[in-house]
Structure formats: structure tokens, C-alpha cells
Amino acid sequence: MLFAALRDMQWRKRRLVITIISTGLIFGMTLVLTGLANGFRVEARHTVDSMGVDVFVVRSGAAGPFLGSIPFPDVDLARVAAEPGVMAAAPLGSVGTIMKEGTSTRNVTVFGAPEHGPGMPRVSEGRSPSKPDEVAASSTMGRHLGDTVEVGARRLRVVGIVPNSTALAKIPNVFLTTEGLQKLAYNGQPNITSIGIIGMPRQLPEGYQTFDRVGAVNDLVRPLKVAVNSISIVAVLLWIVAVLIVGSVVYLSALERLRDFAVFKAIGTPTRSIMAGLALQALVIALLAAVVGVVLAQVLAPLFPMIVAVPVGAYLALPVAAIVIGLFASVAGLKRVVTVDPAQAFGGP
């Protein structure tokens, strides 16, 4: 029966090719959507890792060192730096603002850190900012060394380029000295949003708590939670569409082969063998569509303006999902096979 199923697929190859390509496009888009949702976390992790900070110390009650931070004076910096387990400590700041580009504006995320860190990422061109009116800009902004940019209400000179530094769905990051950020965001008041630590403090002064890198990443992606959930809903809908496409083709094939199934039953072929042949068709379609989907995902990903980072687990899970979809999609056709009367084999045309 399996051979008969494969021969039937060969006979209907044009229909199967169209089905495989259509389902493959669905699989490819699902992978891309998965990569988009994961890309938000990948870019946030890249930003946090580039700072070289092991632990962020924030005020108690803060939701994170960046977007969920509570600004506080840096009066306890020396006490935190002197705690056992702390190798280095630096005052850090973070604020969202706008940058003017001619007559238009764009959002940027501003980070403040000492020139030599921790908290200041490595630059691919130029040097790290050392003065309040200097800035290291993300390479995604298209700026060059020596350019002047207007961030918030301040005009800053670009002295360094940080490679591909973005967060919050490709919003570029810019890095100032801590003093520069304080002038930009707090009118020069010595406020910070966190203390970046290299090492692991054994205890902290009262009124403070810590976030590790994972917690810092979660803080950066928190505003994107609704977007990620929306993407997940669309991905689920695409899986349903894939089931409907494969299921409709298998069901039509079953309807067209009712006389064949009746003949098979009349000559004593077990129903389970007939059902296995029909299920095989659905599995072959789904697995070939999965291969097409992987290829299409690689082609489509660079076309998106945001980071598409498809996790390895998604590629590994796709064949399994394809098998499940194939089996689920074949249910309607299998039910039709069970109800076929062998007497139809002896009926008229």
C-alpha cells in the first residue's frame, strides 16, 4: 500500500508541487516570525553583553537597570565598590530620548558609563568618549567620526563607532560618559540608574538590589512583550493554515481514490494498510514543505528591517512539527477511508 501511495503521488505530482511550495512558504514565514520574536532578545543580549558588566545594582523596587530603573544619587558608589566580591564598580545611566536628523527625528537609547568601563562597550572605530560633549554612536546610524549629532537638547561630537548596537527593535544605542548623560537627562545632577559591577557582591548596602545579565535583558525587552505575543499568535494561525492546506489536498486525494480503496478492501487489504498509505502522503508533503520552508526562511530573513535570529531549536523542531501537522491533516482523509464500502469496487462508473 505504501508503494501504491507513492505511485499516486507521482501521478498527481503537479498538485503536490504546488501544495509543497505553498505549505513551505507557510513554514518559512513561521520560522521568520520566530526569528523576529527571538531577535528582540538577541539584540538586547548583545547590548548588555557589550557592556562587560556582571551585576547591576539598582534601588530596591526598581524593575531593572534600564527601562525599569529608579534614578538615584551616586553617594553609595564607594560603599558598593568596597563590598567583598566586587572587583570594579562604575556609575551607569540609561535614558530614552530623540536625536534630530535635519527636519526629522529618530528615537535613540542613551547609555552613560565611564570612559574605561565597566559599562562602556568596545568601539570598532575611533575611541570611547572621555568628555561630556562626546559620544560613541551605533554603526547603524550611519554617522562618521567627527560628525556632530543633536541628542535631546545637547550637541555632541562623534568620537567612536560601536558596531551594530541596537535595542528595542533596532533603535540605535549611543554611549556617553556618565557625566555627559547626567547633563543630558538630569540637568547635571549626579543621578544614575544603576551601578555596574564586575564580580559578585556578597552583600549590599540597605535599599539596593541586584540584576544579573539575564534580568537586564528582560528589562530591555519588557516593552516588546505585546509585540512578541502578537507575533506568536500570527505564528499559531500560520500553523493552522498549514494543516488546512495539507489536509485539503489529502482529503481531495482520498475522495478521488474511493474506488481504489474499495478495490483494496475487496481483495482483503487491511484498512490500516490503506490508512498508512494515505498518512504517508501527508507526511511526505509536510516534510518536503519543511525543507522548502527552511530554504525560504534563509531567503526572506535578510529582507526584514529588524533582526531575524531563528534559533537552532526552531529548525530542529520544524520536522517534528511537520510530522504532527501531516498526521493531523490526514485525519479527515483517514475517516473517509474507514467508511468506504468494498461493494463500490463492483459498481458502475
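A Cβ is built for glycine as well, from the same backbone N, Cα and C atoms used for every other residue.
Packing against the transmembrane segment (16-36) from elsewhere in the chain are residues 9, 231-232, 234-235, 238-239, 241-242, 245-246, 249, 285-286, 288-297, 299-301, 304, 306-311, 314-315, 318, 322: each is 6 or more residues past its ends and has a CB under 8 Å from a CB in it. Annotation comment: Swiss-Prot describes 16-36 (among others) as transmembrane segment, evidence class sequence analysis.
The helix, strand and coil residue counts that DSSP assigns across the region 'Disordered' (111-139) are 1 helix, 9 strand, 19 coil. Annotation comment: Swiss-Prot describes 111-139 as region 'Disordered'.
Per Swiss-Prot, compositional bias 'Basic and acidic residues' is recorded for 124-134.
What Swiss-Prot records for 231-251 (among others) is transmembrane segment, and it gives sequence analysis as the kind of evidence. Proximity of distant same-chain residues to the transmembrane segment (231-251), defined by a Cβ-Cβ separation under 8 Å and at least 6 residues beyond the stretch ends, is recorded for 15-16, 19, 22-23, 26-27, 29-30, 33-34, 36-37, 278, 281-282, 285-286, 289, 321, 325-326, 328-333, 336.
Taken from Swiss-Prot, the feature transmembrane segment applies to 284-304 (among others).
The annotation transmembrane segment is assigned in Swiss-Prot to 307-327 (among others) on the grounds of sequence analysis.
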